[in-house]
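Feature annotations, courtesy of TrEMBL:
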TRANSMEM  6-25  transmembrane segment
DOMAIN    27-424  domain 'Citrate transporter-like'
TRANSMEM  32-52  transmembrane segment
TRANSMEM  58-81  transmembrane segment
TRANSMEM  177-204  transmembrane segment
REGION    229-256  region 'Disordered'
TRANSMEM  284-316  transmembrane segment
TRANSMEM  328-346  transmembrane segment
TRANSMEM  367-385  transmembrane segment
TRANSMEM  416-438  transmembrane segment
TRANSMEM  458-477  transmembrane segment
Amino acid sequence: MALASLWKVVMGSVAFGVFWMLAVFPSVPFLPIGRTAGALLGAVLMIVFHVISADDAYASIDLPILGLLFATMVVGGYLKNAGMFKHLGRLLAWRSQGGRDLMCRVCVVTALASALFTNDTCCVVLTEFVLELAAERNLPAKPFLLALATSANIGSSATPIGNPQNLVIAFNSKISFVSFLLGILPAMLAGMGINMLMLLCMYWKELDGASPDEVAAGKQMEAIEEGRSTVSALNNKKDDGDAAAAASPEDDDAQSMMSENISTKHRWFMQCSEHRRKLFLKSFAYVVTVGMLVAYMLGLNMSWTAITTAIALVVVDFRDAEPCLDKVSYSLLVFFSGMFVTVSGFNKTGLPGAIWNVMAPYSKINHVSGITVLSLIILLLSNLASNVPTVLLMGDEVAAAAATISPAAVTRSWLLLAWVSTVAGNLSLLGSAANLIVCEQARRATRNAYDLTFWNHVIFGLPSTLVVTAVGIPLIGKINI
């Protein structure tokens, strides 16, 4: 694509620069409006500066991606209510054999769960639970928070629904769910193992903590103390009740007992009915979610499949859906809408194409040197401009360059972009929304709060990102169907 007029190039770059600055630094002192408002501001500037027309701006908003994001969040809310993430938590704690064993469980469970339920959702739900597990065993929080964030990013690379940039790639490339999964799964499993080993090596001595027997003994003592307190409270309550009964007339006492029996039976029937209802809803949530995953594998439209699953859960719940819909991150949907317009406007300046034309001869994916250069570009841009804008900017250019090699190279180029842009999120706190979620959730936790700093993350994130990316690249696209 040729460069646009000087006005469009300059003003489009300014608008994109504003978006980038607020996406990476959402609380800058002179404009602390946040990422979502920053994305809208970038979109508005693109239209005001006539870099993109209003009609083209509307057309650039990818409704299938927004629909899939919305539906996935709704389904995730019902799964959370069904206790699915509590079961994951119990799996983490079941018969744990110390800090190192617990670390490995956090890595494996988080990676696998993130592939199916998005990295952001898993980080939101599991952060405080991981803090509790570490505190119970007198273990430091930092290694486990790093394990949670990095494993969530690596695991989410395996499926189109694992993270937002994979959704973009799946829609633009038309790669099926199964082909996407099999193309990246070997790299994901190897990366998960390498990341886990690096965590163990770096924090081996810090993961001693308390033995399982000591933890069990501590819990037993807490239970005994809690039991004593409960018995004491019940005895006091009984004494108060006896005194009140002695002071009341006999007929009033009989009437009160009759009324209490009737209300108790009524509550029992109500509780029994409610218990069955909850059990049915939990079972239904699990069944339709499995059905949704099967539909993905059969190649059905992912967006409408997810929306159908979400509305099925709402209808069967048979209650006002407002509480569940309130949990949807509408600010994320607005952020994506603004970002689509901003990135589309920046593409119309011709700058991304011009920059790619300079780098394209050195970024051929049929040579090791070309893959290395391409990967470094993706790693750099993903941490400067975030991974989703990087995918939007580079996706079509990378695929077009790969098309000159072979049709199979096109698919591999999209999968390579998905792998590198996702793992790049582990380099720093700013590289991925999942990192920021873990950081903020840990800092604001009501108990066992921990402040995971930028440098704490970079010290492990930088070497992990480089090694995991390098190990995974040769495995991309090795399994084809």
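Including glycine, each Cβ sits where the backbone N, Cα and C put it.
Here the transmembrane segment (458-477) has long-range neighbours at 146, 150, 154, 183-184, 186-188, 190-191, 194-195, 198-199, 202, 371, 375, 379, 408, 411-412, 415-416, 419-420, 423-424, 426-429, 431, meaning same-chain residues at least 6 beyond its ends whose C-beta is under 8 angstroms from one of its own. Of the candidate ranges 32-52, 177-204, 284-316, 328-346, 367-385, 32-52 has the most C-beta pairs within less than 8 angstroms of the transmembrane segment (6-25). Outside the transmembrane segment (32-52) by six or more residues, the chain places 4, 7-8, 11-12, 14-16, 18-19, 21-23, 26, 60, 331-332, 334-339, 341-342, 344-346, 348-349 with a CB less than 8 A from a CB of the stretch. Comparison of 177-204, 284-316, 328-346, 367-385, 416-438 by number of C-beta pairs under 8 angstroms to the transmembrane segment (58-81) places 284-316 first. Stretch with the largest number of CB pairs closer than 8 A to the transmembrane segment (284-316), among 177-204, 328-346, 367-385, 416-438: 177-204. Confidence annotation: the domain 'Citrate transporter-like' (27-424) carries a mean pLDDT of 81 in the model.
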